[in-house]
Every structure is written in C-alpha cells, then in structure tokens.
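S.K.: Pasting a structure here, questions to come.
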Amino acid sequence: MSVLRSQPPSVVPLHLTTSTSRKTEQEPSLLHSAIIERHQDRSVPNSNSNPDSNHRIKKDRNNHTSYHSSSNSESNMESPRLSDGESSTPTSIEELNPTINNSRLVKRNYSISIDPLHDNSNNNTDDDHPNTITSPRPNSTSNKEMQKYSFPEGKESKKITTPSLNSNNCLDLDNSSLVHTDSYIQDLNDDHILLNKRVSRRSSRISAVTATSTTIKQRRNTQDSNLPNIPFHASKHSQILPMDDSDVIKLANGDTSMKPNSATKISHSMTSLPLHPLPQPSQKSKQYHMISKSTTSLPPENDHYYQHSRGTNHNHAANAAAVNNNTTTTTAATGLKRSESATAEIKKMRQSLLHKREMKRKRKTFLVDDDRVLIGNKVSEGHVNFIIAYNMLTGIRVAVSRCSGIMKPLTPADFRFTKKLAFDYHGNELTPSSQYAFKFKDYCPEVFRELRALFGLDPADYLVSLTSKYILSELNSPGKSGSFFYYSRDYKYIIKTIHHSEHIHLRKHIQEYYNHVRDNPNTLICQFYGLHRVKMPISFQNKIKHRKIYFLVMNNLFPPHLDIHITYDLKGSTWGRFTNLDKERLAKDRSYRPVMKDLNWLEEGQKIKFGPLKKKTFLTQLKKDVELLAKLNTMDYSLLIGIHDINKAKEDDLQLADTASIEEQPQTQGPIRTGTGTVVRHFFREFEGGIRASDQFNNDVDLIYYVGIIDFLTNYSVMKKLETFWRSLRHDTKLVSAIPPRDYANRFYEFIEDSVDPLPQKKTQSSYRDDPNQKNYKD
C-alpha cells in the first residue's frame, strides 16, 4: 500500500502547484476531489507498520530537491530561518529530481489548481502518530481513471509533468523544506512563470513531525483570507512581460492560440527590467508550463498581462479582450494627458529655476560668502575681542526680544528707566544660558524702541542683522577718540564704543533728541538705535582697561553695496585739518580710501552740488539740527560726506547693484510702511540711501551724496574750556576746533553754507591754509 506523507499547513508541494498558486471557489480542484473520493475509505496506518516505507521516505527526504526561486533565495539568505551553510535552491522545473522526468503526463486546464493534500485537522497530534495518507495510484492507470484527470477544452491541453511513484507505489511529495512566501518559479526552458506563493527554506530546527496541515475543506473556506499580496520587485520579476497592442487585438478577435517566442519577449521587455532571452522549449516534447491567472504580483502601472489562454472558454476570452481594449484606450488617453501636463510642469519648473538664478545674481555680491569680511578685521572665535563682541550681541538679542509688548505713549519715567540682565552659564527665568558670565544693562528700552519705529526699522530684521551670526568686523576709529567700531554682518548697523562721559551726555538729553527726531523726519543727525552697557567679570580687569563698556548701536551712513570714491569730514575749522595722501598706495590699492578733511576740501575746490531746491531744503534742515546741538551744549561734531561717482563706477567696470537703473528711478518715492505705522521717506536717502546731486536747473547729475552729522556727543566741559584757552594763546579761535558750542554751531553752518553751490569753486589761498612745515595738530 502506498503511503503519502502529509505536509505542514504552510507547505505546498510544487509538483502539484505548477498550474496556479491559489484556487477560487468556482474552480475546485477536480484532481484533489478524485484523490479524496478514491481513498476516503483508506485507513491511515501507523508509521510503525511499514518501516521499509518510512525508511525510503527518509532517504528520499535527504535527497530531495528544493524549488526555491533564485530571487527568493537571495532575499532569504540573510533570513534567520536559513542556517549557516545553506544556499539557494534550483529555480527551474528542469532542475528537479531526475525521477520526475519519467513521470506520467496529465492533461488539464490551466485554470485548475491543486491544493495541499488532506491532513488531520487536529493540531495537537501526538508525535507517535504522524499524519499520513495512502496513495491510490498503481503503476498502470486505467483509461477511466485517466479521463478523470484530462479536460479536453480547446484545441490542445497543455501537459505538465507530475511526480513519479517509487517502487512501493508511494508518491514522492516530501517537500518539507518549502514554505509559502510571495515569489515566483521561473522555467529556463520557457517563459512561463509559476506563482509559488511563499517559497523559502524551512528552518532545520523545526521538526516535520510537529508540523500540521489543514484539510481541503478548511483550505477552501479560508482561501479568501489567505490571498497573498505579492509585491513587485524588478530584481525578482524581471521576466514578467506585458502584452502589446497586437496581442490585445488577437484577444479581442477570440484568437487564443498565441505562442510566446523569443522575438516577442525581447521586443516586449520592460525598459526598467533586465532583458534575458529565455531558451525555446523542445520541439519533441512541446510541453509548456502555464502562466497563472493571478495578477496580484504585477505592478499596478501595467495594464496588460502576458497570458496563455489555451483551454480557456470563449466567454472568458471575450471578457478579457473587452477589458484589455478599454484599458488600452484609457491608458492612451491618460498617457497623452500625462505627457502634456508633464511638459507644462517641466516648463514651469525651468522658468522658476531661471527666475531664482536671476534673483540670486541680483543679490548683493558682498553677501555671497557669509564668513567674509570686507571692512576691517574679522571678529570671530579666537579674536582678542570676541568675548566682548559676543556679550554685546547676546545682551542686545535678549533685551530687544523682551521689549516687544504693546507700544504705549512714553512717560517721563521711560527716559530714566534702565533694565539689568545677568547672564551666566546655567541661565535663569529672565535670561538664557550664556557661554560667558557677564552683566548687561539696557538704557531707556522703550524710548529706543520708539526711535527704531520712527526710523522705519523692523525688530525682527534688526535682530537678524546684528545677531544672525556672532561674527562682526572691527574697525579702529580714524579719529582721536579711540573708539572701536563693529559692523554688523550686512553692514547696515555700527556698534560704537563710547566713553562714560558721552554716555552720560546722551542719557541726559535723550528726551530732546527724541522730540527732534519725531518733529524732523529728514534730520541729518545720526540715528541711534540703542544704548547699552556690558560689565565684564573681575577676571577681565587685567585684560581690558575698564570692566564697564558702553556702546551705541547706530546706522551706517554709507551703503554697503556701493563704492564711496571719496570721503570728507568737515568741521569748519582748519587747524590740523589736513590729510596727507599716499599717492603710490592710492594708485595701487583700490580699497585705500582715506578720509579727507577741511583743507583738502578747500584745496580741491569741492562743492556740494545741490540745485536751488535741494540747497534750500538741505540748509533749512541743517540749521535746525545745528540749533539743537547748540542747545544741548554740544561741540566737536562734523558733517560726514561720502561721494559716489556713477560715471567712475562704470569706467572702473565695477559690478554695482542696481547702479545702471538709477537714471530710470523716479526722483521721489512714496512713504514706507512698517509694523508700527507709516514712516515718511527720508529726503536725503531717496537714491540708494543718499541724495542725488543736481545742477543750477535742478537737473540730476551723476553724483550721489551721503551726508550726516556725526560725533555730536561731546559736551563742552571744563576740560574743553581749558583747551580753548590754551589754543587761543597761539592760534586764532576761528581756526581751532575747541570753541564754545554757540560759536562752533555758527562757524559750522557758515562753512557748510559756503560749500553748497552747483557751480565749482575756485581754488583760493586764504587764511584757512596751515603752514605745511608746522607739526600737525590732531584735532
């Protein structure tokens, strides 16, 4: 009596699953039904009753051949189920056990699938009673029995090989090393694909005795919930070939005699998959393996599937042809729409990219490298003054950020209010942690907040410009004050260290300064944005002269994106007000731009070229500013003038931002709008942050002036009075700088008034000229 070993519930013998990987309820396995009906009355003997048969089964198990697909073998080599030393198994039907080649041929429809053989449904089967069923097949089968397994639909049924019987009439179905996975079995002699569901090598640690299998009835009842969803991988499914238009037409006409050939396979191979021509089947055998009807493993983008429909009824072929025709039409229309939309999208992206490149090209060239410093020395980590600069920026960031409530009308107390912040390594509720320990003091925060709003500054932009990167550029003061200048990253703002006396003078007159700025939006006085103090730890007492450092944040009068060709600092005095030029360096070094003074201005016959309208506006505003400074008991201030020559810039072939479009800009611009309200456009900052020169007919010329009153924090103190008395003993009081504030204001205004003329001035040898041989006095 033949013995057929049962399989575990997840084992599918490949010999019986070459047709399809799963079966629908409408197509029950007739072959399985025949086997079960014929052997229902067969008893299941004990494994001990036939030791020879068990011995042969164990022997065959040692020599079994696995039908693991190449793709799945590669993917499971790293799986913990594979023990060390195991390798992948053959992937084609031709590599099966040689005994299979002598098996009988069974004709059947390609749509018929064979389920696993019946097993005891009891999962708690004892190890002493392995699940076995007997095989009913003798070596010679009658014609009646053969008719049960043949299904003559169509012209010719495909033939597949079935496992052969051994000498004891036992069917060799021991494939315990195979379990279900989502994969394929590919025959190298044909282009047919076997869907083997889940195929991989079982772990050797799992005993075949403890494995159980489900009955055919259970298999049929649970097949809908066990439908595999096989993902598509190009490396595993490289030979899945779609149907072309000719195949669709044949299906529509009811022609089911399509035969695969190498030419069709090569021409239909997907471009994204590797192309491997498959060998032709033997002409003698003419045995073709059928392709499964399952389409769950194909990619969702493919609308056509390569199918062999021998043995398929005409109704099914007609339905498939109709679906394929509709799909082809829809795919063609969708592909055309996708092509047009893709072209439009690519064109839009190209235009956007070109626009971004153009905007980047128009940006300021000095900001290309964020770490580059154009003016002065770079103050970054490692610099001797980096700790001071770091503390300044950290204090400004915290103080300005906290001063962001609702703006209220200022009171007299706001002009005397100060706010202290203590920074340490750990931080607290008021201040964040800092890299260094220091104390920060903010003077009149609400007043300077109002001033920043009057000057049209946005708080966020203000903080970003100063504290976006803790990198500043340091510039020593060209004057005698000894102050340090730190430029922000975008060169819009300047941090200037001041003396304690200057800090006291500003705090004393901050209310007058605020009222003047509010009433005179076109004022020439320098714009102050904040007054602060940094107190360093006592450990810095030996490194710096003073532990307390007072500093101001003010505007940079000159634009960072334009070259200032010549600069003048005019006070109205002539004693020591001359700058010796290094002509050789001036010719070689284009960055050498010394600040010229009053005597240089007079020798060169320079004039501020303003027409009648601009001259009147300029002198009117200058008079108001000078009156305020005289009222505040201030002296030693000066008018800083920077001149940008448009023609010279073109001749030098300088790449200046928007310089070529200056002539096309209107003479006046509308008011600018900030978060706090409308701010009137500054009259003297209309063109690139400056004012355009004009002739006697009020026509613009190719010069841009940047003018402003600076250094107006010097109080006429007792020391200045003593200096005035000392200088008057040897020089005329009209020539020296240290004179009373009222006299200083009048002389200053008269000198500037004489310098404003649209016509060039003639060179004169006046009493302003100092003796060149005399030692210059640094004013």
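Using the three backbone atoms N, Cα and C, a Cβ is placed for every residue, glycine included.
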S.K.: Look up SER200, SER225, SER285, SER309 in Swiss-Prot and give me whichever carries the note phosphoserine.
M.R.: SER225
S.K.: If you check Swiss-Prot, which of SER341, SER661, SER755 turns up marked as phosphoserine?
M.R.: SER661
S.K.: According to Swiss-Prot, one residue among SER176, SER207, SER539 carries the annotation phosphoserine; which one is it?
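M.R.: My reading of Swiss-Prot gives SER207.
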S.K.: Pick from THR65, THR132, THR222, THR312: which one does Swiss-Prot list as phosphothreonine?
M.R.: THR222
S.K.: Where Swiss-Prot marks phosphothreonine, which residue is it, choosing among THR523, THR617, THR659?
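M.R.: So the answer, going by Swiss-Prot, is THR659.
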S.K.: Taking only the residues in the domain 'PIPK' (376-756), give me the average pLDDT of this model.
M.R.: 85
